[in-house]
Amino acid sequence: MEPRDLSEHVPYRAGRGIDEVARDLGLDPDELVKLSSNENPFGPSPRAIEAVQSAAESVHTYPKAAHTDLAAALADRWDVETEQIWLGPGGDGVFDYFGRAFLDPGERVLVPEPGFAYYAMSARYHDGVVDNYTLSKAEDFAQTPETVLAAYDDHRIIYLTTPHNPTGSEMSYEDIETVAQETDEETLVIVDEAYAEFTDAPPARDLVEERDDVAILRTFSKVYGLAGLRVGYGLVPESWADAYDRVNTPFAVNLPACRAGLAALEDDEHVEKTVETARWAREYIHDTLDAPTWESGGNFVLAEVGDAERVAAEAQKEGIIIRDCSSFGLPECIRITCGTRESTPEAVDTLNEVIDR
Ligand SMILES: *Cc1c(COP(=O)(O)O)cnc(C)c1O
């Protein structure tokens with residue numbers, strides 16, 4: 001027998017993990033600097049580590065209370081009802097829940113190009129059809145209502161990313177509001193704020209209160225350093241928040257992840273250190289990399305280096321792992337995740353040597 005026709009589905013190819021690369025190069029993983037997946041260079045909060053350890057004793061139970069506690073803490077933080085928090089296995093899992101809740105077969109979605117690959121993947125899993133709007137390199141990947149609306153044709157879902165991965169560009173609150181305003185009432189605008197903690201721009205949260213066609217995506221994978229636990233959430237309008245119970249996979253987030261998420265939320269010091277260091281590293285990379293870079297609101301910087309595949313391969317041999325952006329349709333660009341005050345200069349030194357070769 002065979003699966004259904006999956007020819008439209010593009011396999012997800014994750015960046016290689018630090019252990020795989022170390023094995024290939026015959027190096028100790030500790031000798032490598034991994035700045036390719038926008039992970040937290042400080043690791044998880046110490047409180048989250050403790051929470052995972054103590055949760056281990058209870059993993060024979062379903063995470064009913066843990067789920068409720070995390071959703072309630074997030075609702076409190078955002079000043080919304082608990083039902084308005086849609087927990088999922090990573091932000092990616094939450095995109096799937098939006099797809100399950102909104103897409104009838106054949107309905108169309110609008111995604112940014114370049115952009116985050118999972119929007120299109122998730123939409124296709126839910127029998128959606130994918131169209132693109134283009135962020136133009138010549139215009140520094142500017143995100144305006146016009147860029148989105150020029151490609152809009154009664155799509156069921158529009159995905160916006162601010163700060164945008166991989167370019168770092170941002171979309172203002174007013175411009176997001178314009179997109180929501182100018183599109184049909186039955187068009188859901190998803191604002192992906194996976195990197196919002198790293199910018200000063202205000203979140204789209206008030207739009208979720210004022211309108212019923214805007215939802216926000218947040219994740220614990222980036223600033224909170226919990227990528228390996230897979231926990232994210234949607235912040236959705238009250239009027240359709242109850243759809244969650246009809247679309248979520250029961251106990252979407254596992255017990256250690258719920259407990260770690262709660263602990264991480266409480267650790268302001270870890271978050272502040274992470275954000276402050278990322279902001280410093282962004283400037284450091286802009287100032288010292290021997291290549292043009294773009295302004296970034298995230299914990300990463302996009303740089304134009306000519307042949308990204310060569311630069312990524314040669315830097316990796318020297319122990320520096322960064323992201324070759326060919327898969328984003330930018331074969332001349334690399335994306336460098338902000339590291340620590342030690343690892344960032346080390347990475348830039350190596351990259352400059354490789355770029356200047
Ligand atoms: C990392 C990321 C996410 C969420 O990732 P998860 O690990 O699944 O939570 C969502 N959107 C963008 C643009 C990202 O870079």
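The backbone N, Cα and C atoms fix where each Cβ goes, glycine too.
Annotations in TrEMBL come from automatic prediction, not curation.
Bear in mind that the values here come from a model prediction, so they are computed numbers and not experimental data.
If you look up TrEMBL, you'll see 31-350 marked as domain 'Aminotransferase class I/classII large'.
Taken from TrEMBL, the feature N6-(pyridoxal phosphate)lysine covers K222. Mapped onto three states, the DSSP output places K222 (N6-(pyridoxal phosphate)lysine) in coil. Contacts of K222 (N6-(pyridoxal phosphate)lysine) defined by a Cβ separation under 8 A and a same-chain sequence distance of 6+ are given as N38, E39, N40, A194, Y195, E197, F198, N299, in order along the sequence.
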